Amino acid sequence: MTRVSLQNIDRHYGALHALRDVSFEVEDGEFVVLLGPSGCGKSTLLSSIAGLDPLQGGQILFDDQDVSRLEPAQRNIGMVFQSYALYPSMKVRSNLSFGLESQRMSRAKIDERVGWAAQLLQIEPLLDRRPAALSGGQRQRVAIGRALVRDTDLFLFDEPLSNLDAKLRTEMRVEIKALHKRLGATFIYVTHDQVEAMTLATRIAVMNGGRLEQYDTPETVYERPASTFVASFIGAPPMNLLPARVVRGDGGAVAEVQGARLPIPSGIAAQVEGEVTLGVRCEALTVMPAGSGGPEAFTGSVVVTEPLGADTLVWVEVGEHRLCARIPPRDARSLPGEVALAPASGALSFFHPESGQRIPGEAEA
Amino acid sequence: MSFTDTRTGYHRPEAPTGRGWGTAARVGLWAFLAISALFFAIPLFVMLSTSLKTAEEVRGGSVFALPTDPSLAAWGKAWGSACIGRVCEGISNGLWNSVKILVPSTILSVAIAAINGYALSLWRVPYAGLLLAGLLLGAFIPFQVMIYPLVRMFAQVGIYGSLTGVVVVHVLFGLPILTLIFTNFYRSLPPELMKAARVDGAGFFRIFRRIVLPMSANVIIVAVILSFTGVWNDYLLALIFAGRDNLPMTVQLNSLVGTRIGLPEYNVNMAATLIAALPPLILYLISGQYFVRGVTAGAVKG
């Protein structure tokens, strides 16, 4: 069992501040996904956890033991790389056993571990081939196998699926999730693909510009993004964001935006003044005929509809903003040109207009 | 028509196929190529044909005339009984000396350069950039300026005028350029390979031996050819550092050609020169394709 604790990790590459004071904890058996756009520092962070990249500040603990100064091999981890990085001159069997031989494990034990991993990943028929004779998916399995043979409870994955085609990626994703469940080990997984992050993670660490933006369960990251960055990075399409004006009246504060007046919960109202950024997910907007939504609805004209199969995205132009709403395909067929969009109660997120940080409501704070 | 080079992955733009070229230009091109080929081939032909003639025939006829009665007598004399100064043992002894200098020099310089290049490109070496700049400088400074200091130093250590001395000099002068070649080649290896090996717990030499070396066949062949050619063709360094007992073929060849007892034996000289030129020639013929492959791999990808 391995708990990982990152404390104030800092890393510069010349003028580039790649990691800025990153801290979070990974519990036993968790599947943590580091998610962010390219260049956000997620791979650098993984390299630091693996010990491939020296730290310049902060420390890393595995089970309360400081490993910041240890070599990668001493940290006892299994790691899978984006390019697979299989040793080209060795057969699959030697690729798997290379690390164990380095540890001076006995031959019998090595054969046992390699056999176990090969069986688990169904690569037994490939053991006597060279990496060049394998397909992309097979190489991926071998790369995972090379990590698995290590007797460890911490596995690191650096964008392992991004070199696979879409179909294979979906298959491998399911397998990796099943593998995590079966091993009960701690997984830390880097990706820029939010679908991978949402489906695999027990917790997602969203990173941007070397900073940790949010570290929470996929549901929370999706429904209650910690910043406008997270709101627009997670979700396809991203969360609708609208600048609104705070107006205080008799019945409490309301956010005025494009003719709609949306009540601000009292816990949030105390923290805002003047301007606020409103966020609402596409599926939290109900589409109604124009004029029937009441004062809490936006009115606009339908620009385009995108049928996705299970549901349909409706893009509505409200003032100068374009909002998306997710509706059942049946309803989309009889859509009028002008519609009202009513947000579900409690589905609104509020962000500071300048910092983009979330303004927490009473239930969250 | 265009194609992608499968080795380098670079897409080459359409090569001129001759369409749209004037016929005159094509004739000119072919003429130029033919003349260039002749320019290099004729001396070789003259040497070969002269070496197969007898001394009388050489004096009597044109240099371009074919031998009337080809014989290997001149080759035999050049090999075993031609007189260099007062010793009449041919240049076979020189060939053996050349091999004795060549083999350790090539093995040592290629091995050390491979490890240097591996360390400089794939490991974090402090001041690696500075070291490489120093090597670059070392590769381009004319070595003549270092000869006198080296002679003094070698004399101090007691290896001046010995096989060890000349081997050390060859290794020293071969290292900069060979190290650069290896560094460039290893830089083109995927860095994740090194990371994977480090996670697997392999150390500096284990990674080198098990992972890096098996991928280095092409660049090693290039390095061996360069080192081989340089050491084999060397005259000055061996003359200065090898001592009288270890003089290689090049030095003996010069003495042979320069020996003036009676009439110059052109046929023997030509045969001796060809013998001296044969080993590198054979090496090129055997490894030519690897050489080209390795050079492009190092140059384009590096």
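Cβ coordinates come from backbone N, Cα and C, glycine included.
For B:27-48 (among others), the entry in TrEMBL reads transmembrane segment. Outside the transmembrane segment (B:27-48), and at least 6 residues removed from its termini, the chain residues within Cβ reach (under 8 Å) are 63-64, 270, 273-274.
Here TrEMBL flags B:95-287 as domain 'ABC transmembrane type-1'.
Here TrEMBL flags B:101-120 (among others) as transmembrane segment.
According to TrEMBL, the transmembrane segment annotation covers B:127-151 (among others).
TrEMBL lists B:157-186 (among others) with the feature transmembrane segment.
According to TrEMBL, the feature transmembrane segment maps to B:207-232 (among others).
Here TrEMBL flags B:266-286 (among others) as transmembrane segment.
Cβ atoms under 8 Å from those of the transmembrane segment (B:127-151) belong to residues 120, 160, 169, 173, 175-177, 179-180, 183, 236-237, 240-241 of the same chain, restricted to positions at least 6 beyond its ends.
Ranked by number of Cβ pairs under 8 Å to the transmembrane segment (B:266-286), the listed stretches B:101-120, B:157-186, B:207-232 are led by B:207-232.
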